[in-house]
Each structure stands twice: as C-alpha cells, then as structure tokens.
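Taken straight from TrEMBL:
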| type | residues | note |
| --- | --- | --- |
| DOMAIN | B:4-124 | domain 'Response regulatory' |
| MOD_RES | B:54 | 4-aspartylphosphate |
| DOMAIN | B:146-217 | domain 'HTH luxR-type' |
C-alpha cells in the first residue's frame with residue numbers, strides 16, 4: 001500500500017516531465033510569439049498536477065496544503081441595454097470580456113508562477129528522494145509532502161488577501177442584513193405605532209372640540225383614547241422585542257434563552273454554562289439564531305421537545321440546539337438557516353447542521369473568540385513566578401561574564417595592558433586565556449539572549465490563529 | 001390600615017404620577033427612591049406595607065429593581081412588593097412566585113392607566129394577596145398547553161381560572177365574568193378537583209395554589 005503510493009509518486013514524475021515538455025513551448029509561444037490563447041490551458045494543466053499533489057499530501061501524509069488560488073471571476077453581466085462592457089469597449093457577446101477576465105485572473109495570480117516553479121523542480125526532487133521512497137515509503141512520502149508544501153501552500157500574503165476578501169464579503173452581508181432589519185423596523189413603526197399615534201391625536205382633537213358641547217361623548221372618546229394608547233404600547237413592545245429583547249439586555253443570553261424557552265410551544269430544556277457575558281452584538285446574533293432554530297423546529301420540523309446547550313470552549317461561544325422533529329432541514333431550501341449563517345458570519349461564526357430525514361436535527365453554532373478569556377481580555381498571559389525570577393536573575397548577572405570577564409579582558413589582552421585586576425582569564429596560563437575569554441562572552445551573550453527570549457516565547461502562544469471555517473452539511 | 005407605600009421608579013414624571021395617584025387614594029408615601037441600592041436599603045429599613053417597584057432601575061438599568069425586590073424578600077419573607085415593568089416575562093414571574101408566599105404583584109406599566117384597577121392591585125398585594133398581569137397568566141397557561149388536567153377544563157372553568165390566577169377573589173371574579181358568586185364557587189371547586197389541588201376558603205391561599213400549580217410545569 002505505502003509502497004504503491006511511493007511508486008505512484010515516482011510515476012507522477014514522468015507525467016510531470018511530460019507536462020513540462022508541453023508547457024514550456026506553450027509558455028514560449030504565448031509570450032514570445034503572442035499566441036496568448038495558449039496560456040490559460042497551460043496554467044490549467046499545471047494546476048491539475050499541483051492539485052493532485054496537494055490531495056495526495058493530505059490523504060497520504062496528513063500534510064494539509066490549502067489551495068492558494070484567487071477565486072474565479074464572476075460571470076460577466078450584460079448592461080441594461082444588452083451589451084457587455086469591458087473597460088471602455090462594448091461587446092455584443094460576453095465572449096471577449098469573459099476571456100479578458102479569465103486572462104487577468106490567471107496571470108495576476110502569483111500562485112500560477114509558484115506552481116510552474118514547483119513543476120520545474122519536482123521531477124528532480126522526486127528522483128533524489130527515489131531511494132528513500134522505495135526503502136522507507138512512509139518517511140519518504142512525508143518528506144516529499146513537506147517539500148511540496150514549501151511551494152504549493154499559500155504564502156502569508158495570499159492568506160492575508162484571502163482573509164481580506166472573506167471579511168469584505170462578510171461585511172457586505174452584515175450591512176445587507178442590517179439594512180433589511182432597519183427597513184423592517186421602519187415598516188413596523190410606520191404602519192403600526194405611527195398610525196396609531198396619529199389616530200390617538202385625532203381622537204384627542206375631537207375630545208377638545210366636544211368637551212364643552214357634549215361632555216358625556218367627550219368622556220367616552222377619552223376612554224377610547226386611553227385604550228388606543230394601551231394598544232400602541234402593546235404594539236411598541238412587540239417592535240422592541242424584535243429589535244433587542246428586554247431580557248437579553250437585562251440578563252444576558254442565558255436567561256434570555258430560558259425566557260424564550262418558557263414562551264416556546266416546545267418543551268425546551270436549556271443548559272447554560274458561561275462564566276462571562278459575551279459582547280452584546282454577539283449575544284444578540286446568538287439569541288436570534290436560537291430563536292429562529294426553535295421556531296423552525298416547531299414550524300417545519302413539527303418537533304415536541306428541544307434542547308439548547310450554551311457553553312464556552314477556550315473563549316469560543318458554542319451553542320447546540322437539538323430537536324426531535326422530522327429532520328431533513330436544508331439551508332438551500334430557504335428555511336431561515338441561510339439567514340442565520342449570514343448573521344453568524346459577521347462574527348466569524350460557523351454553523352454545522354446535522355439533520356437526516358426522520359430527525360433528530362442537531363445544529364451546532366460556534367462563535368470564535370467572542371468571550372473574554374479568564375482574567376483580562378487580550379492581555380499577554382502572565383508568566384509563572386519562577387520564570388519571572390529567572391529573567392530578573394539573568395538581567396542582573398549577565399553583565400558580569402559579558403563585560404568585565406569577557407570584553408574588558410579581551411581589550412586588555414589585545415593592547416597587552418599589564419594589569420590583571422580581577423579578570424580571571426588573565427591569571428590563567430597563556431594558551432588558556434583566549435578560550436576562557438571567548439567562553440565568558442558566550443556565557444554572557446547566552447544569558448542576555450535567554451532573558452529576552454523567555455518572555456517573548458511566552459507571549460507568542462496567545463497569537464491570532466485563523467478561524468476554522470468548516471461548513472459541514474449532511 | 002395598610003397604607004405605608006414605597007415607590008421605586010427612575011423616571012421623574014412616572015414617579016411623581018404614582019406618588020400623586022397613591023396619595024389621592026389615601027396611601028402615605030414613605031419614600032420614593034430612584035436606584036437599586038437605595039431601594040434595597042429602604043425596603044429593609046422602612047419595611048413599607050407595600051412597595052411599587054420598577055424592574056429597570058439605575059445604576060445598571062437592567063433588572064436592578066427586580067433583584068433588589070427578590071433580595072429583600074429573601075431577608076423578610078412575604079414583604080409585599082408590586083413590580084411594574086414595560087414588558088412581562090414568565091421567567092421573572094416565576095422568580096417572583098418561587099418562594100410560594102403571597103404579597104407579590106407583577107404588572108405591566110400600562111395598567112397604571114386604569115387608576116381604580118391599579119389601586120385595587122396595590123391594596124391586594126398589601127393585604128398579602130397577588131396581582132399578576134393577565135399577559136403573564138396567558139403566557140403561563142400557554143406554556144402549560146400540553147398539560148392534560150388543564151385541557152380537561154371547560155371553557156368557562158378556564159376563564160374563571162384565568163381571572164383567579166390574576167389574584168382576584170371569588171367576588172371579583174363573579175363581577176368580572178357576570179356570574180353569581182355561588183356559580184363561581186362551584187366552578188372553583190371543579191377546577192380544584194380537576195387539578196387535584198386541596199380546596200381552600202381563603203382567596204389568597206387559593207390563588208397561590210393555582211399559581212404554584214401553573215409554575216411547577
């Protein structure tokens with residue numbers, strides 16, 4: 001099995017040489033002779049080989065190599081008049097703009113050039129590794145995967161570019177969601193509260209006119225006005241609940257979900273284990289997500305019972321909602337799931353759905369780094385006492401071997417100053433003096449380096465890590 | 001006469017309105033406080049016959065008033081408190097009712113509009129009774145929807161139960177539902193039999209039994 005894989009890798013070297021023999025003339029023709037149409041197929045061919053290698057590295061050696069390519073350009077959309085625009089030229093068909101976009105996409109991607117570089121070297125690396133691949137296939141394949149990662153993995157810059165693109169998309173989604181919410185609230189206030197207040201004002205105006213002529217009728221109208229104001233308040237309460245539920249503001253996500261569970265037609269069990277309250281926007285997003293899931297369970301899933309579990313894992317907020325409904329939920333079918341995903345995405349949150357037909361449905365949501373960690377948030381983790389003591393000791397003593405016993409003794413020796421003072425090395429026999437001076441300087445230097453490195457390596461552990469974006473659906 | 005009342009409300013206009021309203025109905029306002037800590041101190045030191053408390057109070061403007069009320073009632077069981085809020089929640093109702101003693105009320109602020117009913121509620125709470133908002137009761141009943149004994153009630157019995165759960169006496173139920181008092185007594189007996197509760201002649205104890213029953217599901 002392992003041997004077979006190693007053989008397959010070696011066989012691939014020959015395919016690569018073949019690709020190389022075709023690709024090089026294609027590149028030459030494309031750029032030296034202007035036959036640009038040869039470039040895209042050449043890139044695609046190289047990408048195929050690179051993708052295959054990435055897959056093997058992942059499946060055989062467990063070395064994860066993320067594809068570094070820029071996303072495909074979106075299809076060209078016609079203008080309202082039916083023409084296709086590219087820069088300052090209009091086209092009747094989308095063919096030319098499509099082609100230019102594709103060209104730009106491929107040539108501007110540095111990953112294309114890194115792929116080519118990899119292809120150029122790969123057969124040679126494989127042949128060098130051949131003895132190892134044959135004798136120790138396991139080690140060989142792993143070593144090969146590490147080499148492949150060096151050139152095939154995304155660079156820090158392209159990772160960052162990917163992150164920016166992701167944030168950009170998420171920001172747009174968040175803005176859209178927010179705008180839609182605003183419109184809904186505006187509509188609610190406009191059609192409900194505002195209209196009722198207008199009616200109330202008119203009733204009071206009528207009372208004003210009637211009060212002297214017909215006090216009895218005025219009194220009846222006033223009673224009506226009072227009822228109308230109570231109705232307006234009820235309406236307003238409903239709107240407020242939709243914007244930010246009062247219990248959420250007062251007690252936080254745990255009790256808000258408990259209150260929601262009590263009002264739900266389902267029998268909902270709620271388990272909350274949170275040491276701190278998450279930030280307010282995260283809380284609201286999580287609350288509305290749970291609310292949507294419970295109402296989905298009751299409406300579409302015809303569930304009777306549900307369980308909500310809210311907990312924290314290393315600063316991530318994790319919420320699991322389980323119901324005993326029909327299952328078969330599918331975000332693509334336009335239940336509120338896609339909306340929840342959009343809401344969560346604004347906080348880098350992810351949603352995993354497990355809903356086989358026949359149920360039960362389990363939805364797990366995770367909002368990364370939304371909870372303050374133990375102690376103050378964002379601060380560098382505190383060092384244990386012994387480490388602090390060592391660092392202080394190093395700073396206090398490192399000067400002694402480094403300067404007087406090392407540097408100064410060396411200067412005395414270089415200029416042959418006939419003074420020994422307390423410089424240990426100068427009391428030793430001649431052949432030992434230089435080595436001891438060097439040793440002293442080395443010891444001092446190492447102590448300084450350690451004093452700097454101990455705190456530095458300690459704070460590194462809290463560095464930012466990319467979010468895990470794993471959407472898995474069944 | 002139980003008429004020493006404490007008011008806790010942070011909005012000046014509403015606080016002033018409540019003071020005037022209650023004074024006009026022969027209550028003596030022993031204090032009007034604005035914040036949660038002040039309220040807790042006043043509740044324990046003054047021991048008013050009844051307090052009217054807003055849920056949201058400074059400094060946090062969250063559920064400060066509710067917390068102070070619960071805390072005071074832990075120290076002085078049965079201290080009569082009527083809680084007012086812009087919104088009613090089953091969660092808070094259940095917390096207020098959890099200790100099973102009377103002298104507790106939980107109403108929407110809108111109910112202040114109807115002065116007579118509001119003052120009646122304050123008096124009921126002062127006398128050790130309960131005053132629950134109809135909205136709380138309907139939510140409590142809705143969350144008991146799958147409860148079989150409740151489903152076995154006739155529509156009329158259910159109506160009686162709803163009004164009773166608000167904290168009303170038999171006489172008041174009769175008046176509200178246009179029934180004779182003996183008819184109400186009969187319905188009440190039926191309800192207690194169906195829900196398997198021990199019957200009682202005392203209005204307050206009866207209401208508490210019903211609320212505890214609804215609360216336990």
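One is the number of the first residue shown, and numbering goes on along the chain from there.
Glycine residues also receive a Cβ, built from the backbone N, Cα and C atoms like all the rest.
Note that TrEMBL annotation is computational and uncurated.
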Secondary structure tally of the domain 'HTH luxR-type' (B:146-217) (DSSP, helix then strand then coil): 50 helix, 0 strand, 22 coil
Cβ packing number for residue B:54 (4-aspartylphosphate), 10 Å threshold: 23
Coarse DSSP state, helix versus strand versus coil, of the residue listed as '4-aspartylphosphate': strand
Reported mean pLDDT - the domain 'HTH luxR-type' (B:146-217): 86
Summary of DSSP states over the domain 'Response regulatory' (B:4-124), given as helix, strand and coil counts: 59 helix, 26 strand, 36 coil
